[in-house]
Each structure stands twice: as structure tokens, then as C-alpha cells.
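Student: Quick one: structure below, then a few questions.
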Amino acid sequence: MAMEGYRGFLGLLVSALLVGFLSVIFVLIWVLHFREGLGWDGGALEFNWHPVLAVTGFVFIQGIAIIVYRLPWTWKCSKFLMKSIHAGLNAVAAILAIISVVAVFDYHNVRKIPHMYSLHSWVGLTVLILYIQQLVVGFFIFLLPWAPPSLRAIVMPIHVYSGLLLFGTVIATVLMGVTEKLFFVLKNPSYHSFPPEGVFTNTLGLLILVFGALIFWIVTRPQWKRPREPGSIPLQLNGGNADGMEGAIAISSAHNMDAADAELSSEGAARKRTLGLVDTGQRSTM
């Protein structure tokens, strides 16, 4: 099936990948050039893993996971395969985010810095916990086969909304963290005097913001939604489409065949009962 507005989609996709990749490169340059590199010794070099892993996993990889269903080259792949890829990318993002938080706690423990005192830390830890919860719920309800279709229809709009909300909150949290870090480390020259590190890192923040905007635009265009698989029917609640943005939750064709077989069986039984009654009536009149 051809995608409507394919050239526009391709242009935005390439732009998103380019900007996201540049964001990862910029955060690496920031910590390697301006912040003395990476390490795992409880010092500042260990803390530097925090922005690197947060931008790479929680921003870039999560953004790709959000739009993976919309890649038209994957529409011939099974829905289960795409669900597995979506879940796998989100799992990688969660693991990298967890490691980034561990690096911060180690750094604070070694330096005797209080934990969880800033708004950045409050929002960041909250969104990480909710992200892991979202991943676990999605795994058990959408990836594993035993959840009833009615439950999937109820949860899907919540899953889509909360996923986008968490992604937007992650971007806001990263921008808060970048600004907070610059205020802490830029003393001479100070942040407000436009030092090279400040200008460079502000550019990183703009790249992250643009990447998020491109992902939001791609995932909210209805004409770029993955089409339903042949032989499937959408589940609807109260007359509404229950699938949110990424295609209707569908009953498989095997289920449809089972339902059809059951209907034919019931019709056959009804015909037999009718013939039996007719036969009985004929016998009573003979």
C-alpha cells in the first residue's frame, strides 16, 4: 500500500534522524571536549555518563521507537514483529536511562551531595518510573497473546497518550538538566557571558527540541498511520476507534474464521431442528 504524502514523510524522517544523530554527537563532544571525558570512578567523569545516556537512550532511541510503526517499509512485516521491535527499542532506552541515573547517584554519594533536591531530579525520576511501568504494561497487554481484545481496546488510547506525554516530559527534563549543569560548572567565565561551552550546549538543547517536534509531527499525522492488516477488523468502544494513532487493535483472521465456523454450526443446528419439527409434523398428520 502506497503512503499518502510519502515524500513529505521521507523528508521529515530524514530530518528527524539527522537532528537526533547530531544531538548524540553534540552531547558526546560536550562531555569529551568541554567536560574532560567519561569514566566510572564516582567522580565528575562518571557523572558525564548521565547526559550522554539520557540523550542517546531516553531521547533519540525512544523517539525512533515511537515512529517505528510508521515506516512504510515495515508495513509488510507482521504486527507482532513490529511490536517486538517497538518494545525492544523502548527496553534499550529504559536500560540506558537507568544506568544514567545510577551514575548520578554514585557521583552524589562520593561527593556527599544531597539526592533529589532539584525539580530536574523530581521530574526525571518520576518519568523514568512511569516509563518502566508503561513498558511493562505494554509488554503484558499488547505483546503477549493472552490479553483479551476488549482490554487492549481500553488500554490502547491511554498507552498512546501516556507514551507521547512521557516523551515530551523527557525532553523538558533533559533541557532542565542541561541548563542546571551549565549554571553549576560555568563560573569563570560565567554562563551569562556567553562562553563557548554555554553556546555549544544551548545548541544541543535546540537540537533536542527540534528532534522532539519532528517526532511529534510524524506520529500525529493520520495519513502516515500503519494500515490494518488484511483479514482483521478494528475493535471499537462506544462507536469510537480504540487504536489511537498506530492502527486498530485487530482480531486475527483465525479468530474471524472461528467465529464464522461457529455461526455456520449454529445455523446448521437450527436447520436440523427445523427439519426435525417439519418431519414430526408430517408424521403426526399421516
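Note that Cβ sites are derived from N, Cα and C of the backbone, with glycine treated the same way.
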Student: Per the topological domains given in Swiss-Prot, are Lys112 and Ala147 together on one face of the membrane?
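Tutor: Result: no, Lys112 and Ala147 do not share a side in Swiss-Prot.
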Student: According to Swiss-Prot, His50, His115, Met116, Tyr117, Ser118, His120 bind heme b 1; which one of Glu4, Glu36, Glu180 is listed for that same site?
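Tutor: Record source Swiss-Prot; matching candidate: Glu180.
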Student: If you measure C-alpha to C-alpha, which of Lys83, His115, Tyr117, Glu180 (binding-site residues) come within 10 angstroms of His108 (Fe(3+) binding site)?
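Tutor: His115, listed in sequence order.
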Student: Between the Cα atoms of Met116 (heme b 1 binding site) and Lys83 (L-ascorbate binding site), what distance do you get, rounded to the nearest Å?
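Tutor: Cα of Met116 (heme b 1 binding site) to Cα of Lys83 (L-ascorbate binding site) measures 35 Å after rounding.
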Student: Taking the recorded heme b 1 site as His50, His115, Met116, Tyr117, Ser118, His120, Glu180, identify the other residues of that chain whose CB atom sits within 8 Å of the mean position of the site's CB atoms, giving them in sequence order.
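Tutor: Same chain, not in His50, His115, Met116, Tyr117, Ser118, His120, Glu180, Cβ within 8 Å: Val104, Leu119, Ser121, Trp122, Gly124, Gly177.
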Student: Provide the number of Cβ atoms within 10 Å of the Cβ of Lys83 (L-ascorbate binding site), excluding the reference atom itself.
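Tutor: Step by step: centre on the Cβ of Lys83 (L-ascorbate binding site), count other Cβ atoms within 10 Å, giving 18.
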Student: Which residues, given as numbers and ranges, are at least 6 beyond the ends of the topological domain 'Cytoplasmic' (1-7) yet have a Cβ under 8 Å from it?
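Tutor: The answer is 72, 75, 221, 223-224, 227.
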